[in-house]
Amino acid sequence: MELVGVSWFCSCLLLDPAELSSGEAEELQRIKWHRKQLLDDIQKLKDEIEDVFAQIDCFEMTEESRMAQKEKELCIGRKKFNMDPVKGIQYLIEHKLLTASAQDIARFLYKGEGLNKTAIGTYLGERDPINLQVLQAFVDCHEFANLNLVQALRQFLWSFRLPARPRRLTG
């Protein structure tokens, strides 16, 4: 039956509308109306898809901008750290690039990307309680398993430099 309707519709398109019966003419009008509705729906869907793609593009540009801003702030934080380690860490925490946890700060120092090793040593050598916690977490970042003492010391001392003038330890 469906195939007959399709073949009838195709033959109706080729016929002169004057040759159609009133029932056939009504059916043709109804089919044309449904066709127009479907084409309108298709166009609406195309427009919606285009809007979604535009929103995705906008989101991606915003995300790229946000990532570029974060990278810029991270670069500034590294420079500040290299000039004054305490102020650099404070800047990174204020800009939510680091948390104030000793473990997060220690991981940042351990990675050392763009950081001056002497500045790392200076920060780790501070005697404030947070610096001592960071030092402990920094030591925990290292993997000393299966290393002899000399290898472990080399690995540890390679990750930072001791300041030129050691601070006096006061008890």
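Cβ coordinates come from backbone N, Cα and C, glycine included.
Over in TrEMBL, the protein carries these features:
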type	residues	note
SIGNAL	1-25	signal peptide
COILED	28-62	coiled coil
DOMAIN	63-169	domain 'SEC7'
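Secondary structure of the domain 'SEC7' (63-169) per DSSP (helix as H, G, I; strand as E, B; remaining residues coil): 73 helix, 0 strand, 34 coil. This prediction places the mean pLDDT of the domain 'SEC7' (63-169) at 91.
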